[in-house]
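Asks: Positions annotated as compositional bias 'Basic and acidic residues' by Swiss-Prot: 504-514. Residues annotated as region 'Disordered' in Swiss-Prot: 503-547. The feature transmembrane segment is assigned by Swiss-Prot to 14-34, 50-70, 80-100, 111-131, 169-189, 210-230, 238-258, 279-299, 343-363, 366-386, 392-412, 475-495 (among others).
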Amino acid sequence: MEDEPTYPSFRQSLLVTISLCLTLFCVSLDETVLATAIPRITDQFQSLNDVGWYGSSYLFVFTATQMAWGKLYTMYPAKWVFLTGVTVFEVGSLVCGVSPTSGALIAGRSIAGLGAGSINAGAVLIISNTIPVQKRPIYLGCLGVVHGVVSVLGPVIGGLLTDHASWRWCFFLNLPIGAITVLGIVFCLSTNQPSAGHLSGKEKLRSMDLLGSAFFIPGILMLLLALEWGGSQYAWDSWRVILLFVLSAVALAVFAVVQVRAPEKATIAPRLVTNRNMLGLIGYIVGNSGGLFVFVYYLPIWLQAIKEFSASKSGLAILPTQLGMVAASLAGGILVTVVRYYTPFLIVSSLLAVAGAGLLSSLHPASGLGSILGYQVVLSVGIGLGAQNAMVVPSVVCAPGDVVMAIATLCFLQMLSSSIALTLAQTVFHSRLVTNLAHRAPSVDSALVEQGATRLRDRVPADLLPSVVGAYSQAVSETFYVGVAMCALSLLGSASMQWKRVPGHKEATEKVEGEGQGQGQQQEQDQGQGWGEVGESHALAHPTADK
């Protein structure tokens with residue numbers, strides 16, 4: 001009989017959990033805190049064209065590296081891998097806080113995203129190593145509560161810091177919290193023995209999807225650059241933009257071939273994306289996640305530039321989006337538990353999201369507060385209704401051994417779609433702003449308007465201001481069309497899924513017992529690939545995995 005695992009004392013476990021919660025507070029805050037600070041940042045750096053990069057740089061690097069971090073946790077002690085990630089994240093926060101230019105801020109966001117990829121996976125793994133299994137759900141629930149609360153309060157915190165201190169404190173805030181975390185982990189967490197720690201250096205390298213990453217990361221970067229440059233710095237038919245699109249397509253095609261030829265260490269398992277229900281679910285997740293981020297980032301810009309809201313007030317004004325999602329997510333989980341079918345709720349979720357996105361795209365300078373708040377409720381209830389239920393689907397439509405990998409794949413594509421959607425939205429915003437100004441106020445140089453979001457009225461003559469404000473508002477509304485299109489994609493995805501019944505307790509037990517042996521073997525393989533920690537970290541630390 002195997003020896004019972006030895007766990008730290010309650011005091012040590014509590015201190016470690018507090019340290020993990022503080023770190024997740026910083027990472028979760030970084031996802032939404034900039035939403036209300038960005039307009040002020042664009043004023044200081046005169047960088048309205050970089051809005052998309054402030055979010056997409058963080059999200060893309062986070063997404064591209066999280067699988068590698070998950071793998072490292074199986075090879076090296078979790079304590080030191082986690083501390084490495086925290087250190088990288090803190091360095092990125094420091095770079096953001098002291099950044100003298102927009103480019104430096106984007107670089108800092110990328111560095112922070114690199115470290116954040118380690119923190120989500122590591123927090124769940126460390127809890128698993130330090131807390132007895134019977135008490136684990138409570139501690140894991142604490143991680144989920146932290147993410148949920150911070151997701152709601154992030155824009156408000158960002159607005160308050162921007163108005164009463166400086167937008168730089170959105171990043172400086174992470175530094176003392178990170179220092180406390182490092183001390184807690186160093187002195188309270190013991191070093192574990194990783195499952196793949198016995199492998200040689202060559203074997204560790206061979207087990208990672210380095211070849212796939214070598215094509216995937218440049219492929220997505222070239223796609224983002226093409227979307228960013230097209231129609232703004234260069235014409236869509238310029239050789240630079242065309243070349244980037246072609247090279248991106250080639251790199252991503254090679255990445256797909258690598259995934260098919262080496263499925264045992266694939267970043268995206270081919271057998272999952274060829275499953276009809278999983279493919280529909282991917283469309284649903286990608287659409288709603290990408291659409292949500294467009295509104296989270298551009299609605300505060302509209303509120304501050306057009307309605308003259310302060311950063312703090314705009315943070316309060318977008319609370320319906322955050323609160324509605326949390327409430328609808330809880331309600332959706334209860335409804336599916338009772339009805340036992342998730343597909344109808346995913347379809348209703350998509351329909352409401354499309355309706356809410358369409359309503360928000362109709363906002364204009366004369367729109368009242370009731371419309372602004374009410375339209376957000378429709379969107380947030382739509383997206384929130386399916387947030388938790390989407391993560392139930394893999395347990396129903398996938399083999400038991402594929403569930404963890406499926407959840408990790410969904411979270412991977414979810415974050416990636418948010419990054420791409422923000423870049424595409426930025427391109428639409430810039431091109432439509434230039435076009436609208438040329439039509440409504442041809443005598444106004446678009447460069448003046450593009451220098452910042454909140455000083456619009458300081459740079460434009462009073463007699464031309466109504467025309468310029470109208471052009472600006474129309475450009476944001478047309479940017480919201482990207483969100484509408486993304487939500488429509490989610491509708492196509494949910495409508496294509498079969499109506500599968502969520503098994504009851506007895507049925508689920510029989511399924512697990514019947515396939516238990518295959519599940520154990522497959523999960524061991526997935527854990528070895530770093531999928532286990534990453535999948536669980538998103539499902540538990542991100543209970544509303546749509547931010």
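Even glycines carry a Cβ here, placed using N, Cα and C.
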Asks: Please report, as numbers and ranges, the same-chain residues at least 6 past the borders of the transmembrane segment (238-258) whose CB is under 8 Å from any CB of it.
Replies: 209, 211-212, 215-216, 218-220, 222-223, 225-226, 229-230, 266
Asks: Given pairs 6 or more apart, does the transmembrane segment (111-131) have at least three Cβ pairs under 8 Å with the transmembrane segment (366-386)?
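Replies: These two stretches do not touch.
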Asks: Of the listed stretches 14-34, 50-70, 80-100, 210-230, 475-495, which one has the most C-beta pairs under 8 A with the transmembrane segment (392-412)?
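Replies: So the stretch in question is 50-70.
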Asks: Ranking 80-100, 210-230, 343-363, 366-386, 475-495 by the number of C-beta pairs under 8 Å to the transmembrane segment (169-189), which range is first?
Replies: 80-100
Asks: Near the transmembrane segment (14-34), which same-chain residues lie under 8 Å Cβ to Cβ, leaving out any that are not at least 6 residues past its ends?
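Replies: Residues 8, 41, 54-55, 58-59, 86, 89, 93, 112, 116, 119-120, 123, 126-127, 130-131, 139, 142-143, 146-147, 150-151, 154-155, 157-158, 161, 170, 173-174, 177-178, 180-181, 183-185, 188-189, 296-297, 322, 541, 547 contact the transmembrane segment (14-34) from elsewhere in the chain.
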Asks: Using a Cβ cut-off of under 8 Å, list the residues of the same chain at least 6 residues beyond the transmembrane segment (366-386) that approach it.
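Replies: Hits for the transmembrane segment (366-386): 284, 288, 291-292, 295, 299, 303, 307, 317-318, 320-329, 331-332, 345-346, 348-357, 359-360, 487, 494, 544, 546.
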Asks: Quickly jot the same-chain residues contacting the transmembrane segment (80-100) by Cβ under 8 Å, restricted to those at least six beyond its ends, or write none.
Replies: 23, 26-27, 30, 69, 72-73, 107-119, 122-123, 126, 168-172, 174-175, 178-179, 181-182, 185-186, 191
